[in-house]
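As structure tokens, the structure follows; a few thoughts come after it.
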Amino acid sequence: MALPLPPGLTPPEVAFLCEMELVTVIPRQRLDGLELLGGPTPPLTPPLRANLPLWLALLLKRQRRCNILAPPWLHPASLTSILETETEHSKAAFSPAPKLPPKSLSSSSQLTLSPPFLPSSTADSRADALPFHWMEMGELLLSGAADDIADADLVRRLLRDLREVRMAKVRAGVEVLDAGGGVQMNGVGGMEVAEGRAFIGGVVDGLRRIGASREQVKREREAEERERGLANTADDDYDAMDL
Amino acid sequence: MNLDEILAEATGPSIPQSTLDLQELSRVWVAERVAPELLPWPETLMERVLAGIRRQVEIVEEQTGDMDSKTNFKLIVIQTELERWKFLVRSLLRARIAKIDAHPHHILFTISPTLASQSSSTSYNPDLLSPAESNYLHTHTALLSSHYSSSFLSTFPSALQSLDDTSGGISMISAPDLDTAVFVRCLEDCTVERTEGGESLILRRGDVWVVRWRGVKLKVERGLCELI
């Protein structure tokens with residue numbers, strides 16, 4: 001009954017979250033709008049574009065009922081320029097993620113949306129920023145809809161390159177980890193969090209434990225020195241008397 | 001208010017409640033899977049979600065009779081989505097049960113006003129468990145302690161028989177480690193205490209940080225930050 005997994009999401013669970021992202025499809029068959037639990041889907045009329053959650057788009061794609069329009073950031077040109085940013089311009093930090101839209105003031109009671117519920121992989125999303133679920137999105141689209149992606153092999157290679165560069169940054173970032181926690185990791189992706197969680201969390205927690213014992217040792221040493229200090233002054237007094 | 005905000009308000013399509021529920025359910029699920037301790041039971045959200053799932057199951061049951069291929073495909077889509085929601089709910093409940101099993105006495109102290117007042121380390125929170133979970137916790141601990149006492153505890157001296165002894169400076173009650181590092185995404189600008197009594201961090205909207213759970217716990221519960 002109880003979940004036997006340690007804290008933190010597993011890679012399939014991160015991919016599950018990613019499947020809720022909206023993507024743009026070009027339907028090849030007519031399909032009425034559906035009343036789903038997660039809100040109504042738009043009616044599909046070829047050749048009008050429509051935004052659907054990724055899981056539904058992949059289901060339709062598998063049955064050859066639609067084509068998926070790859071998000072702008074998944075084009076070879078955008079990936080090349082993002083890769084250049086990652087390697088040339090910001091050697092330590094990740095390339096910035098797409099900004100969260102400004103919070104509207106009138107609907108302060110409304111829930112704040114965040115990935116995967118922001119349209120960061122639809123046809124009109126930004127081309128120059130990797131969304132939170134970039135790795136999963138790329139992987140799912142390459143395996144489920146490779147024929148809809150221009151230059152799929154090049155895209156696959158660029159994604160692999162990006163992953164390497166960014167994982168190297170995660171590893172290099174270990175040096176700034178400290179026991180107090182509080183490390184900024186803007187632009188990190190969902191799968192990278194899942195991969196790095198055990199390691200980064202372990203390092204921070206381990207450092208905290210070492211820090212705790214070191215703190216205790218320091219406190220003990222101080223107490224000891226205070227005692228020895230008292231003893232030393234007593235010795236000095238003794239010496240002085242001897243002379 | 002800048003131009004972007006005005007535009008977002010004027011053009012922003014109203015998001016249906018069911019989509020917001022899905023966002024909230026996924027957020028609650030991720031938080032429960034990631035946070036080191038049990039989080040309060042999202043009563044109203046779960047009522048809406050479970051009612052929605054029941055309604056959808058009824059629709060599926062009514063329409064399975066139709067052999068028309070078009071309705072058939074619609075049903076496949078509806079059922080696929082239904083399974084996704086069921087997975088979220090099931091995984092959330094199982095993660096909660098795992099945490100209840102890990103620290104039963106700590107949670108008993110948290111949900112009981114008399115026990116929480118005796119203990120210094122736990123704070124009283126009656127909304128932590130759903131009625132079913134609270135029932136499970138009480139029955140499970142009762143079964144476990146009666147089994148322990150009949151199999152070996154009864155042969156111990158009576159002073160050593162209790163399972164939740166806090167005397168002698170060492171507490172028998174294991175509690176989750178609140179200083180575990182977690183990944184958070186800031187949804188609204190806020191400040192977070194870094195270490196106890198230490199300096200504080202300023203989190204800007206959209207930032208991702210690795211911080212101690214103790215520092216962001218309240219922010220997550222108030223929706224200023226989310227766990228990722």
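Note: Cβ is positioned from N, Cα and C throughout, glycine not excepted.
What you are looking at is a predicted structure, and each value in this text was computed from that prediction instead of being measured.
Annotated compositional bias 'Low complexity' per TrEMBL: A:92-121, in sequence order. Residues or ranges marked as compositional bias 'Basic and acidic residues' in TrEMBL: A:215-229. The compositional bias 'Acidic residues' annotation in TrEMBL covers A:234-243. Feature annotation from TrEMBL assigns domain 'DNA replication complex GINS protein PSF2 N-terminal' to A:10-69. According to TrEMBL, the feature domain 'GINS subunit' maps to A:73-210. Per TrEMBL, region 'Disordered' is recorded for A:90-121, A:214-243.
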Model confidence over the domain 'GINS subunit' (A:73-210), averaged pLDDT: 84
Residues of the domain 'DNA replication complex GINS protein PSF2 N-terminal' (A:10-69) by DSSP state, where helix covers H, G and I: 17 helix, 20 strand, 23 coil
Residues of the compositional bias 'Basic and acidic residues' (A:215-229) by DSSP state, where helix covers H, G and I: 15 helix, 0 strand, 0 coil
Counts by DSSP class (helix H/G/I, strand E/B, coil) across the domain 'GINS subunit' (A:73-210): 76 helix, 2 strand, 60 coil
